[in-house]
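The next block holds one structure in the form of C-alpha coordinates; read it before the comments.
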Amino acid sequence: MATVLGSPRAPAFFFSSSSLRAAPAPTAVALPAAKVGIMGRSASSRRRLRAQATYNVKLITPEGEVELQVPDDVYILDQAEEDGIDLPYSCRAGSCSSCAGKVVSGSVDQSDQSYLDDGQIADGWVLTCHAYPTSDVVIETHKEEELTGA
(Lines of atoms letter the chains of each structure in order from A and count residues from 1; the text may use other names and numbers.)
(Lines give C-alpha, C1' and ligand atoms only; values in the text may rest on other atoms or scores of the structure.)
Protein backbone atom coordinates (compact mmCIF):
# COMPACT_ATOMS: atom_id res chain seq x y z
CA MET A 1 0.00 0.00 0.00
CA ALA A 2 1.44 3.39 -1.03
CA THR A 3 0.98 6.69 0.80
CA VAL A 4 1.84 10.14 -0.57
CA LEU A 5 3.83 12.32 1.79
CA GLY A 6 4.55 15.97 1.11
CA SER A 7 3.39 19.53 1.42
CA PRO A 8 2.68 22.30 -1.09
CA ARG A 9 6.22 23.59 -0.58
CA ALA A 10 8.09 20.30 -0.56
CA PRO A 11 8.27 17.61 -3.22
CA ALA A 12 5.90 14.71 -2.70
CA PHE A 13 7.35 11.27 -2.05
CA PHE A 14 5.67 7.95 -2.62
CA PHE A 15 6.33 5.65 0.27
CA SER A 16 5.81 1.95 0.31
CA SER A 17 7.32 -0.78 2.36
CA SER A 18 9.79 -1.56 -0.42
CA SER A 19 10.89 1.84 -1.75
CA LEU A 20 11.13 5.57 -1.28
CA ARG A 21 11.21 7.58 -4.54
CA ALA A 22 10.48 11.16 -5.60
CA ALA A 23 7.19 11.84 -7.33
CA PRO A 24 7.32 12.97 -10.96
CA ALA A 25 7.63 16.72 -11.47
CA PRO A 26 4.33 18.51 -12.08
CA THR A 27 3.62 19.66 -15.62
CA ALA A 28 2.38 23.09 -16.69
CA VAL A 29 -1.32 23.38 -17.40
CA ALA A 30 -2.74 26.02 -19.75
CA LEU A 31 -5.65 27.96 -18.30
CA PRO A 32 -8.28 29.73 -20.38
CA ALA A 33 -7.54 33.40 -21.04
CA ALA A 34 -9.54 35.87 -18.95
CA LYS A 35 -11.61 38.49 -20.66
CA VAL A 36 -9.69 41.73 -20.42
CA GLY A 37 -11.55 44.83 -19.35
CA ILE A 38 -10.72 48.47 -18.87
CA MET A 39 -7.14 49.12 -17.76
CA GLY A 40 -6.02 45.70 -19.06
CA ARG A 41 -7.38 43.65 -16.17
CA SER A 42 -10.53 41.62 -15.96
CA ALA A 43 -13.16 42.79 -13.50
CA SER A 44 -12.82 39.57 -11.53
CA SER A 45 -9.04 39.98 -11.18
CA ARG A 46 -9.43 43.57 -9.96
CA ARG A 47 -11.81 42.31 -7.30
CA ARG A 48 -9.40 39.60 -6.18
CA LEU A 49 -6.49 42.00 -5.71
CA ARG A 50 -7.90 43.66 -2.62
CA ALA A 51 -10.79 43.66 -0.19
CA GLN A 52 -13.88 45.14 -1.72
CA ALA A 53 -16.49 47.39 -0.17
CA THR A 54 -19.99 47.83 -1.56
CA TYR A 55 -21.92 51.04 -1.00
CA ASN A 56 -25.56 52.07 -1.17
CA VAL A 57 -26.03 54.54 -4.01
CA LYS A 58 -29.31 56.43 -4.29
CA LEU A 59 -29.94 58.06 -7.65
CA ILE A 60 -32.54 60.81 -7.82
CA THR A 61 -33.70 60.72 -11.44
CA PRO A 62 -36.51 62.65 -13.17
CA GLU A 63 -38.55 59.42 -12.95
CA GLY A 64 -37.99 59.01 -9.19
CA GLU A 65 -35.48 57.60 -6.74
CA VAL A 66 -33.60 54.38 -7.35
CA GLU A 67 -31.25 52.58 -4.97
CA LEU A 68 -28.49 50.21 -5.95
CA GLN A 69 -25.47 48.48 -4.46
CA VAL A 70 -22.20 49.53 -6.10
CA PRO A 71 -18.80 47.93 -5.39
CA ASP A 72 -15.99 50.41 -4.80
CA ASP A 73 -14.23 49.32 -8.01
CA VAL A 74 -17.21 49.75 -10.35
CA TYR A 75 -18.27 53.03 -11.93
CA ILE A 76 -21.72 54.16 -10.82
CA LEU A 77 -22.96 54.42 -14.44
CA ASP A 78 -21.79 50.85 -15.20
CA GLN A 79 -23.62 49.40 -12.19
CA ALA A 80 -26.76 51.40 -12.97
CA GLU A 81 -26.78 50.00 -16.51
CA GLU A 82 -26.21 46.48 -15.21
CA ASP A 83 -29.23 46.95 -12.92
CA GLY A 84 -31.39 48.19 -15.81
CA ILE A 85 -31.37 51.87 -14.84
CA ASP A 86 -31.26 54.23 -17.82
CA LEU A 87 -28.90 57.17 -17.25
CA PRO A 88 -27.56 59.64 -19.81
CA TYR A 89 -24.02 59.24 -21.14
CA SER A 90 -21.99 59.90 -24.26
CA CYS A 91 -18.21 59.52 -24.19
CA ARG A 92 -17.88 57.13 -21.20
CA ALA A 93 -14.38 58.59 -20.78
CA GLY A 94 -15.00 61.38 -18.26
CA SER A 95 -14.36 64.03 -20.87
CA CYS A 96 -17.87 65.42 -21.50
CA SER A 97 -20.85 66.47 -19.39
CA SER A 98 -23.56 64.07 -20.64
CA CYS A 99 -23.62 61.96 -17.47
CA ALA A 100 -23.28 64.90 -15.06
CA GLY A 101 -24.94 64.71 -11.69
CA LYS A 102 -24.80 66.45 -8.35
CA VAL A 103 -23.73 64.75 -5.10
CA VAL A 104 -26.31 65.48 -2.39
CA SER A 105 -24.52 63.48 0.31
CA GLY A 106 -21.64 61.04 0.52
CA SER A 107 -18.48 60.90 -1.55
CA VAL A 108 -17.06 59.49 -4.78
CA ASP A 109 -13.65 59.04 -6.36
CA GLN A 110 -13.69 60.54 -9.84
CA SER A 111 -9.98 61.12 -10.23
CA ASP A 112 -10.04 59.44 -13.66
CA GLN A 113 -12.27 62.11 -15.24
CA SER A 114 -10.87 65.14 -17.09
CA TYR A 115 -13.91 67.37 -17.70
CA LEU A 116 -14.72 68.88 -14.30
CA ASP A 117 -12.40 71.41 -12.69
CA ASP A 118 -11.54 71.44 -8.98
CA GLY A 119 -14.17 74.10 -8.23
CA GLN A 120 -16.94 72.09 -9.88
CA ILE A 121 -15.91 68.98 -7.98
CA ALA A 122 -15.87 70.98 -4.71
CA ASP A 123 -19.40 72.18 -5.58
CA GLY A 124 -20.54 68.54 -5.76
CA TRP A 125 -20.60 67.91 -9.50
CA VAL A 126 -19.95 64.32 -10.57
CA LEU A 127 -19.55 62.41 -13.82
CA THR A 128 -21.23 59.06 -13.18
CA CYS A 129 -19.29 57.38 -16.00
CA HIS A 130 -16.03 57.85 -14.06
CA ALA A 131 -17.15 57.91 -10.42
CA TYR A 132 -16.51 55.14 -7.90
CA PRO A 133 -18.42 55.35 -4.62
CA THR A 134 -16.22 55.81 -1.54
CA SER A 135 -19.17 55.90 0.88
CA ASP A 136 -22.93 55.59 0.73
CA VAL A 137 -23.91 58.38 -1.64
CA VAL A 138 -26.98 60.22 -2.97
CA ILE A 139 -26.71 61.72 -6.47
CA GLU A 140 -29.14 63.83 -8.47
CA THR A 141 -28.80 62.69 -12.09
CA HIS A 142 -29.61 64.27 -15.47
CA LYS A 143 -27.85 67.55 -14.56
CA GLU A 144 -25.92 68.32 -17.76
CA GLU A 145 -27.98 71.43 -18.62
CA GLU A 146 -27.59 72.80 -15.09
CA LEU A 147 -23.83 72.22 -15.18
CA THR A 148 -23.25 73.74 -18.61
CA GLY A 149 -25.88 76.48 -18.37
CA ALA A 150 -27.42 75.34 -21.65
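Any Cβ shown, glycine's included, is placed from N, Cα and C.
What Swiss-Prot annotates here:
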| type | residues | note |
| --- | --- | --- |
| BINDING | Cys91, Cys96, Cys99, Cys129 | [2Fe-2S] cluster binding site |
| DOMAIN | 55-145 | domain '2Fe-2S ferredoxin-type' |
| TRANSIT | 1-52 | transit peptide |
Residue with minimal Cβ packing [other Cβ atoms within 10 Å] among the binding-site residues Cys91, Cys96, Cys99, Cys129: Cys91
Output field, [2Fe-2S] cluster shell: CB within 8 Å of site CB centroid, site Cys91, Cys96, Cys99, Cys129 dropped: Tyr89, Ser90, Arg92, Ala93, Gly94, Ser95, Ser97, Ser98, Tyr115, Leu127, His130
Local confidence of the prediction over the domain '2Fe-2S ferredoxin-type' (55-145), expressed as mean pLDDT: 96
Tally of residues which DSSP labels helix, strand or coil - the domain '2Fe-2S ferredoxin-type' (55-145): 17 helix, 32 strand, 42 coil
